[in-house]
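Asks: Let me give you the structure first, and then I'll get to my questions.
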Amino acid sequence: MTNGQVWPKPALQHIYDEYLTFEPENFNFNNTGYSCDVLQDAFKWYNSMLFLKATNTFKQNTSLSTDSIIGKMEVLNVQLTNPCENYPSLNMEEKYEIKINNSSGLLVATSIWGILRGLETFSQLVYLETDGSTFVIRRTTIVDYPKFRHRGFLLDTSRHYFPIESITKTLDAMSYSKMNVFHWHMVDDQSFPYQSSAFPNLSEKGAFGKSAIYTKDDVRRVIEHAKLRGIRVIPEFDTPGHTLSWGLGGIPGLLTECSDSDTNQFGPIDPTVEKNYNFIRTLLSEVSELFQDNYLHLGGDEVDSSCWTTNKKIQHFMERNNMKNVLELKDYYFANIFNITRSLETVPIVWEEIFDENIHLDPKAVVHVWKDYYDHSIVSKVMKSGHPVLFSSCWYVNYIKYGTDWPKFYRCDPTSEAGHNPLFLGGEACMWGEFVDETNLLPLTWPRTSAVAEVLWSHTLNETDAKYRIEEHVCRMRRRGIPAEPANGPSYCHY
């Protein structure tokens with residue numbers, strides 16, 4: 001296990017074999033630039049975490065010679081050179097520089113988001129010496145910035161409901177690995193926990209229960225907590241499939257009746273009912289106004305169109321409009337949906353199927369690739385078509401097996417396909433919720449998702465080096481209240 005090594009690996013770092021010690025009660029952050037509430041909150045947050053010890057701290061003689069200790073670390077000067085932005089965004093600047101010298105350090109960034117990333121790095125440089133009482137930091141210089149702009153984590157809160165505290169804890173853990181997008185797959189076939197003010201029956205009838213609902217205040221709490229960690233929140237309202245829970249909300253004609261003889265069997269949203277688009281427009285307008293991000297995930301995956309082919313009313317509609325197959329009907333549906341997102345000035349994200357099926361995409365639409373674990377060529381195909389791309393194909397962290405499995409996520413690196421093409425935005429680790437709830441979310445997610453985070457942030461990857469650093473990162477997360485799983489088998493966190 002390493003000591004004072006950073007996760008994810010910085011772009012440029014020079015380490016000296018000289019150390020500074022801390023007197024925790026005498027250390028402070030000193031703001032020398034612009035300030036705002038996010039910065040002041042960050043100072044309090046990191047002050048609370050810098051000098052944590054485990055209850056089972058193991059003590060032995062120090063491994064440092066007195067000659068290598070050059071002084072005491074008393075202050076980190078923090079210089080934010082521009083005013084704070086209101087919320088993080090796709091093109092936020094996350095670059096920062098750190099210099100640790102005699103008795104003081106300097107953290108410089110042009111944006112508040114870079115300052116947050118730098119504070120996280122500084123907190124990881126600090127570690128407890130083997131004597132069990134002395135905190136130290138090595139003299140070092142760092143220039144760091146991410147490889148990709150979008151480094152996300154998807155959480156499915158439809159198959160199981162997650163209390164807000166589980167979500168905010170997840171956001172904290174994301175920030176420890178410099179992830180910057182929380183993809184909130186909020187609703188699906190199984191439940192509709194979002195409480196809409198325009199359509200309250202959607203959650204009243206479609207949620208698991210009255211205690212399994214996300215109010216607008218809950219959503220705002222998540223967004224504001226994410227902001228403090230430099231994380232965007234992008235909601236997903238997946239249509240026209242994955243909508244069985246929507247049908248419980250009393251919207252007449254919303255879902256397709258699969259047959260005339262059985263009016264209790266339903267399929268995807270009925271794309272032939274004009275009122276359905278008015279409903280979706282009202283719902284998405286409410287959602288886009290509530291969430292602070294310009295992007296909205298529209299889903300579009302795994303649409304079982306068999307009910308479209310057995311519904312006589314839909315077949316007559318297709319005949320009248322010269323539609324030869326259900327793909328043309330799906331194209332018609334998404335043409336209407338993209339008209340809605342354009343009117344809301346929202347950038348749509350869709351799952352890969354929409355691209356594969358040659359559905360006419362909005363010019364700005366982002367394609368989220370997920371289907372083929374081994375074939376990354378779809379990334380190039382999407383970018384050649386002129387669309388931005390997100391990647392998740394081999395980062396489904398809900399798939400578990402016995403033993404060490406973080407390396408399989410670490411080895412899955414789409415960089416060769418992405419090259420330096422700005423249309424490759426980044427990617428996401430995905431936690432689908434069929435067998436995950438608040439009892440096992442955090443240990444299943446970490447440190448496996450940390451491996452994805454390093455692939456998306458770091459410019460050079462070294463699995464051998466990562467094996468030792470991820471051990472330290474696991475212990476660090478545990479001290480901070482994240483019950484991360486063992487990374488490499490038998491191990492022990494000495495503090």
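Cβ from N, Cα, C; glycine included.
So TrEMBL lists these for the protein:
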DOMAIN    6-125  domain 'Beta-hexosaminidase eukaryotic type N-terminal'
DISULFID  CYS36-CYS84  disulfide bond
DOMAIN    148-459  domain 'Glycoside hydrolase family 20 catalytic'
DISULFID  CYS258-CYS307  disulfide bond
ACT_SITE  GLU302  active site, proton donor
DISULFID  CYS475-CYS493  disulfide bond
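I'd like these features described in context: how deep, what's nearby, how far apart.
Replies: For the domain 'Glycoside hydrolase family 20 catalytic' (148-459), the model gives a mean pLDDT of 96.
Under 8 Å, Cβ to Cβ, and six or more positions away along its own chain, CYS307 (disulfide bond) finds THR256, GLU257, CYS258, GLN265, PHE266, GLY267, PRO268.
Counted within 10 Å of its Cβ, the other Cβ atoms near GLU302 (active site, proton donor) come to 12, all protein chains included.
Around the Cβ of CYS493 (disulfide bond), a 10 Å sphere holds 19 further Cβ atoms from the protein chains shown.
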Asks: How far is it from CYS475 (disulfide bond) to CYS36 (disulfide bond), counting Cα to Cα, in Å?
Replies: 31
Asks: Just to verify a number: CA distance, GLU302 (active site, proton donor) to CYS84 (disulfide bond), in angstrom, no decimals.
Replies: 41
Asks: Round to a whole number and give the Cα-to-Cα distance in Å for the pair CYS36 (disulfide bond) and CYS493 (disulfide bond).
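Replies: On Cα coordinates alone, these residues lie 36 Å apart.
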Asks: Name the residue among the disulfide-bonded residues CYS84, CYS258 whose Cβ has the smallest number of other Cβ atoms within 10 Å.
Replies: CYS84
